[in-house]
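One structure coming up, written as structure tokens, with questions to follow.
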Amino acid sequence: MRHPLVMGNWKLNGSTHMVNELITGLRQELSSVTGCDVAIAPPALYLSQAKQALAGSRIALGAQDVDVNLSGAFTGETSATMLKDIGAEYIIIGHSERRTYHQESDEFIAKKFAILKQQGLIPVLCIGETEQENEAGQTESVCARQIDAVLNTLGVAAFQGAVIAYEPVWAIGTGKSATPAQAQAVHKFIRDHIAQKDAAIAQQIIIQYGGSVNADNAAELFSQPDIDGALVGGASLKANAFAVIVKAAAAAKKA
């Protein structure tokens, strides 16, 4: 049985004070929670501080992006070896904000996936359609294309131990969310798409939902059979709000 994963993406938010305060709150809120893996991805500048603050807890450290190069003349970038060295485990790639604001292509994101696997890190591959694509009935074809960029270059075995986060772009930070039934349908499509290559890998892969996940909709989302947790944005910046989502995932998957 798949173990749910709830991960907080802090995006461009944080300060030295906020990192300590939020992690202290998370440790208190989640101290007795079992049955759900938890990770947070602070901005790169605070990863070392966050790692120290997380010491001795069950909360894993993640990061929001990675470069395709391991070292060299690449000003401003962060490499997979650096993230591994500092203790990060789950690395978000392909977030729609990176795809949109930094013009990252499916092929470029597949290179990031490859470098993370080579370094023994866990890729959290974000996929999802825009509102325009959704209205045009292209949700499945867009998700398939984004997955195939990895499948066609690395093979299905690369998805062993990886994470996919389905984040409909129209639901990120908008307050809109896919209904549980809508989200489940896409998650099932994603799993079935990978199962065409390898059913066993498809069954073990964690597929998170992301896009305005909050305390009100978390329990119903997690009750769906193919939704294995969440990639949480805004709600991950408040310990109590994030904890409610983690507890909902743990409870739903134990049921």
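The chain as shown is numbered from 1 upward.
Just so you know, glycine gets a Cβ as well, placed from its N, Cα and C.
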Have a look through SER31, SER212, SER223 and flag the one Swiss-Prot assigns to the substrate site that ASN9, TRP10, LYS11, GLY173, GLY233, GLY234 belong to.
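Looking through SER31, SER212, SER223, the residue Swiss-Prot assigns to the substrate site is SER212.
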Measuring Cα to Cα, tell me the gap between GLU167 (active site, proton acceptor) and HIS95 (active site, electrophile) in whole angstrom.
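Distance between the two Cα atoms comes out at 8 Å.
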Whole-number answer please: how many Å between the C-alpha atoms of ASN9 (substrate binding site) and HIS95 (active site, electrophile)?
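With distance taken Cα to Cα, HIS95 (active site, electrophile) is 10 Å from ASN9 (substrate binding site).
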Cα of TRP10 (substrate binding site) to Cα of HIS95 (active site, electrophile): how many Å, rounded?
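About 13 Å separate the Cα atoms of these two residues.
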Quiz question: given the recorded positions LYS11, HIS95, which has the greatest number of C-beta atoms lying within 10 angstroms of its own C-beta?
HIS95
Using all protein chains in view, find how many other C-beta atoms are within 10 Å of the C-beta of SER212 (substrate binding site).
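Other Cβ atoms within 10 Å of SER212 (substrate binding site): 22.
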